[in-house]
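Shown next, in structure tokens, is the structure this report addresses.
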Amino acid sequence: MSDFVKSLMADVTAKNEAQPEFHQAVEEVAGSVQVVLDRHPEYRSNKILERIIEPERVLMFRVPWVNDQGEVQINRGFRIEMNSAIGPYKGGLRFHPSVNLGILKFLAFEQVFKNALTTLPMGGGKGGSDFDPKGKSDQEVMRFCQSFMTELQRHIGPNTDVPAGDIGVGGREIGFLFGQYKRLRNEFTGVLTGKGLNWGGSLIRPEATGYGAVYFAAEMLKTRSDSLQGKTCLVSGSGNVAQYATEKINELGGKVVTLSDSGGYIYDPEGIDAEKLAWVMDLKNVRRGRMSEYSGQFKSATYTEVDRSLDHNPLWAHKADCAFPSATQNEVNAVDAKNLLAGGVFVFSEGANMPTTQDGVDQFLDKGILYGPGKAANAGGVAVSGLEMSQNSLRMSWSREEVDGHLKRIMTDIHQNCVTTAERFGMKGNYVAGANIAGFLKVADAMTDQGVV
Amino acid sequence: MPEGRAQRPRRSLEAVEVHGAGQLMPHHVHEILLVSSLYDSFTLSEDGKLSDLIMSEFLDMNLRHTPGVTQVSTGREALQLARANPRFNLIITSLQVGDMDSLELARRVKELRLNIPVILLAYDNRELTQFMAANDTSDLERAFLWQGNAKILLGIVKYVEDRLNLSHDTGEIGVPAIIVVEDNVRYYSAFLPMLFTELMNHARDLIPDGLNLAHKIRRIRARPKILLCSTYEEAVSFFDRYPDDILGVISDIEFPRNGKLSHTAGGDLARHVRSIREDVPVILQSSLTKNQELADEVGSSFLLKGSPLMLNQLRRTLQHDLGFGDFSFRMPDGREIGRAGNLRSLAQQIREAPDDSMVFHGEHNHFSRWLKVRTEFALAEQLRAVRISDFPSVGAMRDYLAGVIDVYRRERNQGVVVDFKRENYDASAQFYRIGGGSLGGKARGLAFINHLLAEFKAADRFPGVTITVPDTVVLGSDVFDTFLDRNNLRDFAISCDDQDEIMETFHRSPFPEDTLLDLATYLKAADYPLAVRSSSLLEDSQYQPFAGVYETYMLPNRGTDLNHRLEQLVSAIKRVYASTYSIHTKRYIKATPYRLEEEKMAVAIQRIIGDHHGSRFYPHFSGVARSHNYYPAEPCTTEDGVAAVALGLGETVVSGENCVRFSPRYPKHLMQFATTEDLLEHSQKTFWALELEEDHISISGVPALSEGGPETNIRLAKFGLEQAEKDGTLASVGSTWSAENDVVYDGTSRPGMRMVTFAPILKHQLFPLAEILDYLLEIGKKGTSSPVEIEFAVNMNTVDGGSREFGFLQIRPLALAPEVEEVDVDSIPRSDQVCQSTSVLGHGLVEGIRDLVVVDYHRFDRSKSLPAARRVGQLNSMLVKEDRPYILIGVGRWGSADPWLGIPVAWDEISGVRVIVEAGFKDFKVTPSQGTHFFQNLSSCNVGYFTVNPDAGDGYIDWDWLSSTPAVDETDSVRHLRFEEPLLVGMNGKKSAGFICKPKR
């Protein structure tokens, strides 16, 4: 850790007491852009990093509401308007009892770079409340949302700050929030994303992350004049990301041989084709059944139950070309990484959030395989949020194909951005460094251009 | 009803019995102490042995309580015995008893405060008259004269009992009374037994109206009381106290008033009565014919004492004036135009009788009186308050009266267990029994609900919904005994360890012929699917929950072949019988204080609530509700109860599959459905129905049943929600998930994936489910004086638009662990406790835990919560394999999605846990996590859950002890402690408090 980062961290810790999550996030970013600061003193002298860690504005407000028993309840509302250098503040609202200033600052800070990386004009922000929607009636949730928006509406707008959903804020809450905003401001604008399809929402939302991860992998392969055609792929998980990644892989000529859930995984060497996938989608989305049923349905497959006494996940030990971890955090550890490499995997695109432990990532970078970190590879979800804003501004609703086309273009742009940035800083092929630096640079340059604001 | 007068609230006879406290005739003569000289007793027992005599008199009268008689010959002995044995509660003494006279005996009894009435029974009228004239007899309860008829004893006993029970039965419940005024001992000693005998005979005549034995006994006990008075003042005071309940007055003409014999006392009394209650008949009696005029003058009937036709006269008087016997419809001139012997014919004739007759009876309150005599107090009271002037026309009164009687008749049939009679079975009642013996726990529960519903008039409380116990026939445990004994199966079944052999032998053994005929008769009228349920003596007993030990079978009961259906039914019954001796049961019983020989099995055969949907048969939804919830979440409290409901048959709920949980008091606050992901994960995806397709499962009787195996409920099949949507049953409980919008919409109007949320019912008032459950749990609690669990099924009957049916299937007192309530947490020294909390979910004592996994406060680092979670998972799988339940203690939230806030374990990583403790960490306070998965699993696995925040002064945890106790395994902050002696966990679900004690050293 350089002296600069050390003193910066000392400052951050002193100024932001009891916000350990935020400290860690700042330290990570500072570490990853060290090389930029070393090479380009203008970022240092403009105090870009010092400015970027200080939110442009922090709103903290009272949210009073009345529960079904007629008792007055008071929650605390937040909106962190972190950075608007490249576009209106954009980021989710979280309703959860754990919400506090430190957590939201940490999330808003990360959002700035995530959004910048998408190449879309979106700043960074985050907000929410310590309200717990669990066990509340619809009416209570509605009254809370209305009270929350009654204050928030004066700070947001389609060109100022466009919140989205997050934990505890789904389609229902977005609906209540939007309704109150529209009523108070007397205008129908794209002030929130995640809206209902019939009132301003976008298509391809469930598909976006899975599709995006596959597009990103295809782009990575392209750098070696290769494609997904004929590639054997390991996919973990069986939710939206895994299902749509599988769909897109099939579309692009690859063969998916694994899927999993919390009970275990299936290995189908003949591949999970469109027909089998349709069956899986019915199983998981409609019947909410277990993956173990797959091997009963399709004789070519074997099912392996989760064994917690193992130090690795045997799913990653199968021979393959590509892997798409699409289940959960930390599902790939150092042993798994070793197995993957031994099994011939040379494309690794993260559909899940932070699925690989640091010692796993280090091995991938070491061996120089095509490793697409989640930050870049699973930006599809954020991208479609941006596309919802675009459609709202245009007062248009694009077809599935149009949205998918834009998604593919965005993923290509992100990939390109990562590649050129990494190369520029002498780390060719390192998508992790590329993604970290590209996001930062985009924001830093815009801030520089716009003067000390 | 028309505007009536204010009336005392009255309960029906059946209601009286439900409330225990209101039991009729609470006082009984148990043991008579007969004090008489040898000579006197010789006189008494001239006709045979005295106690035999009494016994035969009482038996003849169909009386349940036959008092015992103990004879002694001296006052001293009598006093000794009476003091030694409190069962003696009546002393009958002759005039002289050797060492003392009857007066002295009575005085001593009073002095000793024995509170036993002393009755003088004299053998010689002359002697008695002299004795009475010469002494102050106020210590004696009353004197009687023996005249050679043993019925006098019956008269004495009934006289004493009526006096003791008067204020309760008449005062509180409204049992009518007849005042008899007579100062002549000789006369009333003869008259009283005669009158009692008449009343008993009358009560016995009413029995065909009563439905079962309990009902019959109630009727007999509700016979009118007799109040014997000897003075004007006594008579007036009784009348003035119970003017509404006095059926009539039978009075002498000359008797004492103001301490002197008055020649006009009878007439004065008649006038007094008339001035207060014009409609109360007064019958005057005298040995002088000339007094007939006096009687006419005051508008009374007249009885001639000493007439050879006395008995007939009395009977006629009882019928005419007091309303005994059939109701006689008369014209105002006295001409009889019709008779009614029961309620049905009364209502019918009220509709047909001429106006003049109706006015005549109405004005004289004859209907009410007649009903009262027939012990129909509630109805009598209702009609008494009605006056002709309340109605615009005679026709209106007629309609009202007949209507009220009809409603009453229907209600009376509700809530009663009717003895099954092949000859006149008409399926009109809800609950029948075949064969004697016990109903067993489950059926008793059903009978009780039946009763409860009738008592609280719950059936019509919710408009558009009928709340019922589905039609039930119970085979009493005597049938079980007969079957075993005739076939010599008892010893075999107890000693045989081969379940299949028992089953087969039972199948081969013939079923009692008589019962078979009954069942055939029943099946002729029952053409719907049936549940054949075990109802053992031990089942559903509060502290020995046998629930679920025995079998339930479902029968399609379809097709025209009665023999075939009968064969299936009998086969199922035999299976239930055989299950009494299954290995499972034998093992289970071993763990209880019972012996298998004591177990008896009744069988409840019940209509299954539901509708045909193609080949499927099922109710719209079923569920279970409890009056107490030991895992309450805001805003619910423990007392608000909890319900679990599912589409289709209750199998889904009972077997712990996904269903909807809610508190009946807060039906819109669903813990489990906070996010769409929760909904997708935790909502019902399939439902159970009875598959009735003939070719689907073989129904060739016994073989089909055997194939099913004893643990299988034959013909149950699972279907997907798309089937429910086709059947039209999903609409009332369904919601729709839009994948595009990731929103769950209430109802099924939009395209998307269907799921079961009960939103149309819980949120949109399609059916008052929450209100009904809250109400039933409330009356269930009242009825059993304990927390209860109920099972139910609802048929919305949407196809033909008929009434919606709420079937009340079961009620069980919830087994509470009483011992915990007695543990005073503060009495345990803090140094002996690992942990103490006032925020605890769960209930009961947990003993025998010797393992403890702790994420140590002093060693834990918040950024290392992930490895800690994995380590806990490894320890868990090891402990599960070894079958060692453990206590888990950690900092922050267990199962937190955010690794900064706690230990991010998944449920299966802590699946073997018995008690969880989550504690506040250095810089933050934990709130009980109750994540959906956790919440669901905690309550279904009955895991204890403690939350402590010692830094906030909330609870206590001994981190230093946990830290310093040597661990058998230690990886970073996760430590596994194992103890020689067990830890003790106590939780009080009502107070949400609990403790964990360190192992004893």
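Backbone N, Cα and C define each Cβ position, glycine as well.
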Annotated companion of A:K90, A:Q111, A:K114, A:S385 at the substrate site, TrEMBL, chosen from A:G165, A:G168, A:G434 = A:G165
Can you list, in sequence order, the residues of the same chain other than A:K90, A:Q111, A:K114, A:G165, A:S385 whose CB lies within 8 Å of the CB centroid of the substrate site?
-> A:G91, A:G92, A:N115, A:M122, A:G124, A:A164, A:T193, A:V382
Cα-Cα separation of A:T209 (NAD(+) binding site) and A:K114 (substrate binding site), in Å?
-> 14
Distance [Cα-Cα, Å, rounded] between A:N240 (NAD(+) binding site) and A:D166 (site 'Important for catalysis') | 16
Farthest-apart CA atoms of A:K90, A:Q111, A:K114, A:G165, A:S385, residues recorded for substrate, distance in Å | 16
DSSP three-state call for A:G165 (substrate binding site): helix, strand or coil?
-> coil
Note: among recorded positions A:K90, A:K114, A:K126, least Cβ-dense neighbourhood at 10 Å is A:K114
Reported as an integer number of Å, what is the Cα distance between A:G165 (substrate binding site) and A:K126 (active site, proton donor)?
-> 10
Expressed to the nearest Å, what is the distance separating A:K114 (substrate binding site) and A:K126 (active site, proton donor) at their Cα atoms?
-> 12
Whose Cβ, among the binding-site residues A:Q111, A:N240, has more other Cβ atoms within 10 Å than any of the rest?
-> A:Q111
Do me a favour and check the Cα-Cα span between A:K126 (active site, proton donor) and A:D166 (site 'Important for catalysis'); whole Å is fine.
-> 9
Which state, by DSSP, holds A:S385 (substrate binding site): helix, strand or coil?
-> helix
Rounded Cα-Cα span from A:D166 (site 'Important for catalysis') to A:Q111 (substrate binding site), Å | 12
Same chain, |i - j| six or more, Cβ under 8 Å of A:S385 (substrate binding site); the result in sequence order is A:K90, A:M122, A:A164, A:T193, A:G194
Tell me whether A:N240 (NAD(+) binding site) sits in a helix, a strand or coil according to DSSP.
-> helix
